[in-house]
Amino acid sequence: MGRPTLAIRVPATTANLGPGFDCAALALTLYMEVEAEKADAWEVVYEGEEYAGLAGGEENLIVRTMQETARKCGAEAPPCRLSVHSDIPLGKGLGSSATAVAAGIEAADHLYGLGLSVEEKARIGSGIEGHADNVVAAIMGGAVFSHYMDGELETVHIPHPHVGAVILVPDRPLATEESRGLLPDTLRHADAVCGSAATGVMAAAIAVGDWKRAGRMMERDVFHEPYRTRLFPDFDQIRHFAKKAGAYGTAVSGAGPSVLVLTEPDSERSIAQRLAGEFPAYRPLAVKASSAGAATVTV
């Protein structure tokens, strides 16, 4: 590859945070990096075996996002060669598709001179993804709470969440569609009221930096975890052990199969080591919340 025209970095994200189903997400210090170079035809080259099976031409999600973003802005989308390196586990509930969408929007904005605001990028990304949680966090960084319906997006952005995290990553990937298939069509009104209360208190706690309270609310979800945790035979044991180790709270990361454990800042490594010794079927990743969202550097 020749000298890149553009370099982009986008964070991983963890969605839901328990009861914030399809609205809450947190950016993490794991990143996808994309270098772009103008070319005669579309080409995407991934580093590493995990991403090797992804489409390398116009079927690629980053490419399709670049084209769709340009189309929405009435612009042309000349082809590029993209070189991609990612530390984000694929298909493990850490927003890998949202990261690709955020990278595509950022690349299109800069390469094609679209002049998009952060809010416009978030709205385009939500339309492509079909929901707002992961992609808004990938674009903005920090913690986000979003409402997306009929093309209208409302987002509250907490830019500098001060919290650590451990991601427990199993070997087996899980398609979001498979996990969503476990969810019921309806909930009892009383359950929905309880879940909404937990979401509201969690959001308010995160906004004021009360992560202990947020962690307690994380563990009171009724919207999805009671149905999804059947895929995690050791989920309750992980939650109990993490709490004893000093964690704020434990939840399914996105649609799974990874598990999110929130911790005090700078305690994530020690808690990760303890979890690794107790649950060897998972690979622990000690990370922090990322204040940085999708960022582009012209080379």
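Heads up, the Cβ atoms here are built off N, Cα and C, so glycines get one too.
Features of the protein shown, as given by TrEMBL:
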DOMAIN    60-142  domain 'GHMP kinase N-terminal'
BINDING   P89, L90, G91, K92, G93, L94, G95, S96, S97, A98, T99  ATP binding site
DOMAIN    202-279  domain 'GHMP kinase C-terminal'
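Sequence features, as recorded in TrEMBL, placed on the structure.
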residue : record           : contacts (Cβ under 8 Å, 6+ apart)
P89     : ATP binding site : E50, S96, V169, S258, L285
G95     : ATP binding site : A12, T13, T14, A15, A25, I88, N134, V135, A137, A138, G254
S97     : ATP binding site : L61, E129, N134
T99     : ATP binding site : V10, P11, A12, T13, M32, S86, I88, N134, A138
**Request:** Determine which residues of this chain, when P89, L90, G91, K92, G93, L94, G95, S96, S97, A98, T99 are set aside, have a Cβ within 8 Å of the centroid of the ATP site's Cβ atoms, and list them as they appear in the sequence.
**Result:** A12, I88, G254
**Prompt:** Which residue counts does DSSP give the domain 'GHMP kinase C-terminal' (202-279) for helix, strand and coil?
**Reply:** 42 helix, 9 strand, 27 coil
**Asked** Of all the binding-site residues here, G91, G93, which one's CB has the most other CB atoms within 10 A?
**Response** G93
**Request:** Go ahead and report the DSSP secondary structure tallies for the domain 'GHMP kinase N-terminal' (60-142): helix first, then strand, then coil.
**Result:** 48 helix, 7 strand, 28 coil
**Request:** Would you mind giving the whole-number mean pLDDT across the domain 'GHMP kinase C-terminal' (202-279)?
**Result:** 95
